[in-house]
Amino acid sequence: MPKRTDVHKIMVIGSGPIIIGQAAEFDYSGTQACLALREEGYEVVLVNSNPATIMTDTEIADKVYIEPLTVESVSRIIRQEFPDAILPTLGGQIGLNLAIALAKTGILEELGIKLLGTQLDAIDQAEDRQRFKDLMQELNEPVPDSKTVETVQEALDFAAEIGYPVIVRPAFTMGGTGGGLCDNPEQLKEIVANGLELSPATQCLIEKSIMGYKEIEFEVMRDADNNAMVVCSMENFDPVGIHTGDSIVFAPTQTLSDREYQMLRNCSLKLIRALKIEGGCNVQLALDPNSYRYYVIEVNPRVSRSSALASKATGYPIAKLAAKIAVGLTLDEIKNPVTGTTFAEFEPALDYVVAKIPRWPFDKFTRANRRLGTQMKATGEVMAIGRSAQEALQKAVRSLEIDEKDLISAKAQSATDDEVEEKLFHAQDDRLFYIAEAFRRGYTIEEVHELTKINLYYLDIVKQIVELESELSQNKEDLDVLKRAKRYGYSDYTIAKLWGTTEDEVRNLRKEHKLLPVYKMVDTCAAEFDSSTPYFYSSYDLENESKKSDKKSVLVIGSGPIRIGQGVEFDYATVHSVKAIQKLGYEAIVMNSNPETVSTDFSISDKLYFEPLTLEDVLNVIDLEQPMGVIVQFGGQTAINLAAGLEAHSVKILGTTVEDLDRAEDRELFDQTIKNLGLKQPIGKTATTQEQVIACAEEIGYPVLVRPSYVLGGRAMEIVNNEQELLDYLAQNAPAEIDHPILVDAYLSGLECEVDAICDGKDVLLPGIMEHIEHAGVHSGDSMAVYPPQSFDENIKQQIVDATEKLAVALKCVGIMNIQFIIHNNEAYVLEVNPRASRTVPFLSKITGIEMAQVATRVILGESLAEQGYQSGLYRESDMVHVKAPVFSFSKLADVDSFLGPEMKSTGEVMGSDYTFEKALYKAFTGAKMELPDNGNVLLTIEDKDKDAVLPLAKRFSKIGYRMFATEGTSQFLRENGLFVQTVDKLGKDTGNETSLHDLIVNDGVDLVINTMSHDQEVASDGFVIRQLAIEHNIALLTSLNTADALLKALENRSFATNSL
């Protein structure tokens, strides 16, 4: 069927900010789709609120709008652009829900706008729990006993009828939001109440639990001619009961017989045809491990996290083809871009095994509830490819960049047998390490299966890895055992640990005996057809398929899995670095381990190595490719941490040298540089013992800021007010050591700001200064930022520019760097310097038009700023005002305190742009889903020290017609100052007031909670409980008065003043 000619301009809806359950995979799929539509000759208009994406680059679509993803905002753009059609299935759940909401307003019908790809009715049928169940019964496909409910009572009645445990699944949500497993009525009441609140349709499905079944996924495609095919089958290591986004996953399926595979494949194809889905779709199935009985769990009628994984696992570009199907092309007329010869209807065949492991944020949230269930908690994931499941699994573990670099966990080793069994029975993020530990202690596969319900095959894989461990320990330098270990994915690091030697010695032994990895191609067809994809993985196999080219090449190290503190922004910088390398005529080679990102799309670079980002794996690629150098500035802390090891092996680090990187990161060297330049910084000390930490704090004077050296995202960083808090901090975090010193700084109050700068060794370009809206003490990644600055005069800007130029030249920065300042008493103090790309690069690049990562890469490769047409100093400021706002995923992480401080907690960001600060703020708040009514209710729970500061804010709330509620102390203070405030009872206190704080929040009596009650390290503190209640009930929450001030500016700008004469 030829492509559509009745459509010329297509609007693509993006997925908005990164949150748990909806991460970088939609940047990848959205980018692919826009490029595919343009390739077919259509004009593309893109709407997305997330500036940190490749998708929102001006060359991806004909027109790019970075605006809030709301009905009001998108309707405005539709009336401005008049697209012929909208493609909503590539923007995740956000894009789908927005398309449904737009259709309900009647605007699509009014303007004759078509929906491309899967139609609304099909989306509704797959997403509406009751309609989906009815369709399954019509098709005679089994679903677990279930009922759609709209009240808590209905849920309780149905659960009583079918018996516990039951699973709750809210409709039209993603990442298992608001869902969960319930063993009793109390849990059910709580989870259903929350689920109904979070479901746009206010409905939940209550279903009989089928925990312990195998969880199987099929990624399927269908076109308008009803051709359908399976792209990839995937099997969860964890049985049903743990969200697939929190499960280890293998592709292709490993434990299905041919009969089981065909049965589930046929079911998946039957479903996609019955739902009339056009494009990609994900089918989740549960299979009884002891019979041929299966159930359909759900269908996602859109491109999803699993489709990004399936695309990278097979090399088959699902989103690209889904976009082409949406405009009428069929699978039998689209060429497979990988082989270039076969058509897209050929099902991919894999001659390797892929393992995916989720990356959780619990290293940052040590107090979070780590139990895994039906609600997703991972922020990202890693993928590894091997010739065996053992190899893929071990490579994936070392890709995670956590404390454990293999299956040997010190924590698991020191646990008692009871603790090990508890960890096996109640799944947490670290269960895999405890399974390995159980086998070390002599537990049988059957005993571990009884506790975990994990398939015997997968347990056997772990057991084989553990058995080889003891063989390695007993046969030091035995080449046969070494060969087997390398085929099982063992790293030199682990082998060295078991042999009691060094990693370099193992490496030298391997090289001496020619035991080297080869690189295999990912070609979608198991080598059945000729293929020339530049997409490789390593294995200790026979034939090497990756040939070094004659061109000079540069290796760019990616940033690994998405986690808090190191998000999609670094992938953005990596992709732009690759573009610059290619424009200068070099071959660009990328190494990365993240299946969700644009950088691991093999069409982006000249060669892609999908490998763990460890020293051994990077050196192996360098041995083969012999690049002229390696760029580490764009891969976040992951890449920077590899620099010293690479240099020690005589690898050329391009750009800022390792010695100069070290000078910026090493406290004493840095302090010396600051002193030599005559710049100011807060008083700071370095301590290597606990006693020293306490002595330093005494000497500087409380409050102090304490943090470990060499971290990203403010991990383990805290403001402490007295010695007791300092002792608590040291007990919670690793003690100070010679190798890992702790930094103690004076805590200065004032306005924070940051700059990104590009330096060629002589000239220094500052694309812009970003002022933080929250005062010092809130991590820069969690702070709202505004460009150009609103509170700085020319004198302060000049101080910042002078300090930046001096530092960049003195630190011999070649490439990009980020500096954070605090403005205290009208003077700029240097807080920290990061000699690499920071998370603000995409934001600043978009608003200034300077492709910062590309400019920096050209500098790194020897082209000066002057040769690129830039001069030293601050780039001209834009006429518009741009605000970057953080977005959090607290609703997915129980027990994480939402009080903002120096430890970063946000998962994503949005941007608001307009001609006034207030309007830009309003758009940023709206984009971050903080949509407040013109006159609503606000609850103020304020620390004593903040009462004076809250008074002017309370007066402004009163002026725009907000009703105020507060507990006794705050209420009395505000009433004494002439304001009308309703007093509410404190938590757990009944003092005869009309309502209590608890009931006010639980019964949705307020629209906004402002809570500055400090996090006194007590999980049960009132402040913490209030914040948790607000998050559970989906109520806007602010913990900083600066943010409240900004929100008021936005609200005041929207409402009319009413003053008497």
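The first residue you see is number 1, and the count goes up from there.
Even glycines carry a Cβ here, placed using N, Cα and C.
Per Swiss-Prot, the ATP 2 site holds Arg707, Ala746, Leu748, Glu752, Gly777, Val778, His779, Ser780, Gln820; the candidate it also names there, chosen from Glu698, Glu794, Glu805, Glu832, is Glu832. Cα spacing between Glu832 (Mn(2+) 3 binding site) and Gln284 (ATP 1 binding site): 47 Å, rounded to the nearest whole number. Helix, strand and coil residue tallies for the region 'Oligomerization domain' (402-546), in that order: 77 helix, 11 strand, 57 coil [DSSP]. The subset of binding-site residues (Glu215, Ile242, Gln284, Leu748, Gln820) lying with their Cα within 10 Å of the Cα of Asn300 (Mg(2+) 2 binding site) consists of Gln284, given in sequence order. DSSP gives Gly777 (ATP 2 binding site) a coil state; it is part of no helix or strand. DSSP labels the residues of the domain 'MGS-like' (930-1061) in these numbers: 56 helix, 23 strand, 53 coil.
For the ATP 2 site, whose binding residues are given in the record as Arg707, Ala746, Leu748, Glu752, Gly777, Val778, His779, Ser780, Gln820, Glu832, the maximum C-alpha distance rounds to 18 Å. Over all protein chains present, the Cβ of Asn834 (Mg(2+) 4 binding site) has 22 other Cβ atoms lying within 10 Å.
Checked against Gln820 (ATP 2 binding site) by C-alpha proximity, the binding-site residues Ile242, Gln284, Glu298, Asn834 yield Asn834 as the nearest.
Closest to Asn834 (Mg(2+) 4 binding site) in space, going by CA atoms and restricting to the binding-site residues Arg129, Arg707, Gly777, is Arg707.
Taking a C-beta cut-off of under 8 Å and a sequence gap of six or more, Gly777 (ATP 2 binding site) has these contacts in its own chain: Leu705, Ile719, Tyr747, Ser749, Gly901, Pro902.
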